Amino acid sequence: MTTVIETHGLTKRYRGGQLAVDRLDLTVPVGSVFGFLGPNGSGKTTTIRMLMGLIEPTAGSARVLGEPVPRALRTVLPRVGALIEGPALYGFLSGRDNLTRYDCADPTADPRTRAARVTAALDRVGLTPAAGKKAKAYSLGMKQRLGLAAALLQPRGLLVLDEPTNGLDPQGMREIRSLIRELAADGTTVFLSSHLLDEIEQVCTHAAVMAQGRLLTQGPVAELAARARGRLAVVTPDTGDAARLLKELGVTGVSVDAAGGRVTGDPPGEEAELSGFNAALVNGGVRVRGFGIERASLEDAFVELTGEGFDVAG
Amino acid sequence: MSRAETERRTGDDDRAPEGPGLLRRAPGGPGRFHRVLGGPGLFRSELIITVRRWRTLALLGVLAAVPVLIGIAVKIQTGDDGTADDGHGGEGPAFITQVTNNGLFLVFAALAATLPVFLPMVVGVVAGDAIAGEASAGTLRYLLVAPAGRTRLLLVKYATTLVFCLLATLTVAVSALATGALLFPLGDVTTISGTRISFGEGLLRAGLISMVVAASLAGLAALGLFVSTLTGSGVAAMATTVGLLITVQILGAIPQLEAVHPYLFPHYWMSFSDLLREPLYWDEVGRNLGLQAVYAAVFGSAAWACFTSKDITA
């Protein structure tokens, strides 16, 4: 098994006729930390729900941990930990009792080791001091941690985390990120959906981008970021001259930030020619104080694919 | 392929030994309970959750208060001489006139008073909330991902509701027995047929009648569970179930609709008084239990068909 999640033509059309997911071919390699990106309403959560057997696909097939879903859900799901659209808890139960409840729901969980599993999961997310408190008194961050603890009750082959750092303070986000890295180091594949691009860039090895139910791209994060072309940036007080010269050299999309003393543009070809650009600028009397290619971030790649702004897809 | 078919197939699939609905190697023993419900863990958890809710306790408290109120009212009306005020004998709930002579009759009077409305209302609240309440709290998706298994969860929910029917009935009966013992004399019981049976046998009859009254609620419990699978709102499901109960009770009171009366689930409810005859008269009680079984089968199947093929989007 080299893929943990594999879908072919996975499609969901809701009863109203709305096409939520359109012929999705997703491939999540084993051992990866996979970032699942897309604007609100792009079909991410519907996809996750189909993979977890909560929603029945209209067409297409999906395999999770090598087995077809929803056919083999009973053998697949005990090996999957999931946090879907935020935590859901029984407010009148303590944190510990909430986890016990979810552990009871798993028929493969051994009742004799239940208490130990719950204690270990609480400890793993740092909730031990609040374990006896009623869940309704928890802050959003604590609820999120408890939801994560439920996903970590068993050793899992796959963790599906929908917006896992939602509602956490920066300290909490860091903890969750290091927890994800730790889990990935243990060999757990993590499927992570997030709006926070820097978060994806920090922890993910692979990513996929969805928009309006379609998969726009998927692959290693480094490749995706590299696909968005870097921009040439020149730092100089002579912004006007620099812009004129760059245009003459074939640089397109030149923009001038006179106050900041910066000129940026898209270089026409291979980076090898760039040293010549610098020489041309200096020969043209431009006082060059900084010169180089600004590497594109995942955010640039994302915006390039989905358009500016996190608009809700209609 | 519908999800119902999927589940059946998975159950028949030899590669799914941990299938919750049709466990082949039961961890806790060979009992049917283990094969069907995948161990008692979820059932026990469900019972605990049900009785730990503040709402459940409040409802049981109301049920416990009804016999106390009836007892006090009867006591005040008859004065301290311990003789029945036969001037009002023809009115009010059944058995009420015998209460002053024998406190045990408060059990039968209280059951007769609560069975038309109070008891089924309480059961309707719990049954209506069973699935819809979990859906509106969001905990349903985590139970299913755990994976509780849809058929197993539904069976556990119905079993819990039936246990709650018994619990609610016993709450009325025990409260009535305690109140009756405290306010009125206890002794030999005069049956409806006019014969006398010992107090001990009277107690046994009270126990038997409680079981029959609890079983009378099985049809409504299945109806409530079915309604509960239709909506994602716990409040809506509870209101619908209680509304249906009231509607059916009104239909049952319209003489022009006599033709349909034998098919309404409350039609034979009051037949439990036949168990106070000597010898026991089982005809109507049997018809009642048969009708409840039909309701349980029809609405239980409908609930199963609905729940196992439903998209869980909450």
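Cβ from N, Cα, C; glycine included.
What TrEMBL lists as compositional bias 'Basic and acidic residues' is B:1-17.
TrEMBL lists B:1-30 with the feature region 'Disordered'.
Marked as transmembrane segment by TrEMBL: B:57-76 (among others).
Annotated transmembrane segment per TrEMBL: B:104-132 (among others), in sequence order. Same-chain residues lying 6+ beyond the ends of the transmembrane segment (B:104-132) with a Cβ under 8 Å from its Cβ atoms: 50, 55-56, 59-60, 62-63, 66-67, 70-71, 74, 93-96, 98, 140, 153-154, 157-158, 160-161, 164-165, 168-169, 172-173, 175-177, 179-180, 183-184, 186, 189, 199, 202-203, 206, 209-210, 213, 216-217, 220-225, 227-234, 236-242, 244-245, 249, 266, 269-270, 272-273, 276, 307.
Residues or ranges marked as transmembrane segment in TrEMBL: B:153-186 (among others).
Marked as transmembrane segment by TrEMBL: B:206-227 (among others).
For B:234-254 (among others), the entry in TrEMBL reads transmembrane segment.
With a threshold of 8 Å between CB atoms, the same-chain residues lying at least 6 positions outside the transmembrane segment (B:289-307) that come near it are 4, 131, 150-151, 154, 158, 212, 215-223, 225-226, 228-230, 262-263, 265, 267-268. The feature transmembrane segment is assigned by TrEMBL to B:289-307 (among others).
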Contacting positions for the transmembrane segment (B:206-227) when only residues 6+ beyond its ends and CB under 8 Å are counted: 104, 107-108, 111, 115, 119-120, 123-124, 126-128, 130-132, 154, 157-158, 161-162, 165-166, 168-170, 173, 177, 237, 240-241, 244-245, 265, 268-269, 272, 275-276, 285, 288-289, 291-300, 302-303, 306
